[in-house]
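Undergrad: Quick one: the structure is below, questions incoming.
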Amino acid sequence: MDDTEPKQERAAWGSQLEFILTCVGFAVGLGNVWRFPYLCFKNGGGAFLIPYFICMVIIGIPMFYLELCLGQFCSLGPLKVWRINPLFKGLGLAMIIVSALVAIYYAVIIAYCLYFLVASMQSEVPWKYCDNDWNTCDCRDGNQNDSLIDPWNGTRPECLNMTYTHTKSASDEYFNHKVLEKTSGMDDMQGVKWTLTLCNLFVWLLTFIVLSRGIKSLGKVVYFSATFPYILLTALLIRGLLLEGHMEGITFYLTPDWSKLTEASVWSDAAVQIFYSLGTCQGGLIAMASYNQFKNNTLRDSLLIPVINCLTSFYAGFVIFSVLGFMAHKKNTSVDQVVDEGPGLAFVVYPEALAQMPISPLWAVLFFIMMMTLGFSSLFSITETVITGLVDQMGDFVEKSNRRLYIFRFCICALFFLLGLPMTTK
């Protein structure tokens, strides 16, 4: 910790398993749960797997292999590695900027998951009914009888004379009106929402603690963060397969529409999802591989990790669509009427289905713990990518002592928290 301490040699993974788990955690993230299943539904069900796996073989694996080799050979992060050709240093800078921007909003999404996790720890999940102070007259939770003159049985007299163009679910209004307290637009920010800000602060404090010693601490945490989501995915899948209507969802997920394969947009979505899912061209793979031993078998890793990632996406689809089938069964509608992607799936559609299950708080807690661990396993690696790139570039100053490294890492996490504040406004 003394300022006169000599510059240390570059750190290395404690074992090759640590590197593989870190890359799996980096690649397997929230997109596997809330983007891939929707793309399957949108682009021909089981038929989408054909362009997806073709793109993985001809685009994903070669790019993955290239980046692992580049980082491992040079033992440098995504910024300084371009000493091999200074003309491309701007590419390295772009990788750092992209990773920084992703880290900032990724942490906010994890903060949403933390908010839902805490809210789930009560006898009933709070987004189950429409009788809360944040609900509007548009809200429907299945208990109202719209054929009556007064569907609310005298509890909402202010709603009797209103004209309805569309209704909203209780989970929709909970997310938008309670969690986000969403206003009309960016011109009406109304300050930060402190509960979300505190959740975001917790996310960055935990990230700093995990990354405080670089890959020495990260390599130990990934044993949990990269494997635990699979346990929770399996538990949620078993629960989904015990629900009425689950086969309707799974059949909808897998039934191929071969005509979709003739559309260029389907192949484009497959290629984009491969880049998005494997994390190529963002600098993370270069950064993680830079801590490898020089003679590590990169070909083995670049075959193993993408396959694990893609199979995880496929597996998560069963978890999601078994529950969406149950939800469609309960609503007496088709699965395509309840499918959504992104935040809509994670914070509106899936929570609505969870609310209809027996012992709903338990399954809600498990779901949001899974979402948090998936998010954290990616966030740790993304943030370490930024730190590795900057430390390599400013090594003569930052690496003079452990104290400076700790302070530098803390400052990066604190800066990202502050830059995330506009995303936690109303």
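Cβ coordinates are placed from backbone N, Cα and C, and glycine is handled just like the others.
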Undergrad: According to TrEMBL, which candidate among C130, C159 shares a disulfide with C139?
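TA: Its disulfide partner, as TrEMBL records it, is C130.
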Undergrad: Look over the recorded stretches 12-34, 46-70, 223-242, 404-423 and say which has the most C-beta pairs under 8 A to the transmembrane segment (194-211).
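TA: Against the transmembrane segment (194-211), the leading stretch is 404-423.
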Undergrad: What stretch, picked from 91-118, 223-242, 303-328, has the most CB pairs under 8 A with the transmembrane segment (404-423)?
TA: 91-118
Undergrad: Under 8 Å, at least 3 Cβ pairs, sequence separation 6 or more: does that hold for the transmembrane segment (362-383) versus the transmembrane segment (91-118)?
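TA: Contact criterion met.
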Undergrad: For the transmembrane segment (46-70) and the transmembrane segment (303-328), check the count of CB pairs under 8 Å (sequence separation 6 or more) and say whether it reaches 3 or more.
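TA: Counting Cβ pairs under 8 Å (6 or more apart in sequence), the transmembrane segment (46-70) reaches the transmembrane segment (303-328), since there are 3 or more.
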Undergrad: Same chain only, sequence gap of 6 or more: which residues have a CB within under 8 Å of the CB of V28 (Na(+) binding site)?
TA: A226, P229, I308, N309, T312, L374, S377, S378
Undergrad: Measuring Cα to Cα, how many angstrom lie between A27 (Na(+) binding site) and C130 (disulfide bond)?
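TA: Taking the Cα atoms only, A27 (Na(+) binding site) lies 38 Å from C130 (disulfide bond).
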Undergrad: Can you tell me the CA-to-CA distance separating S277 (Na(+) binding site) and C139 (disulfide bond), as a whole number of Å?
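TA: Cα of S277 (Na(+) binding site) to Cα of C139 (disulfide bond) measures 35 Å after rounding.
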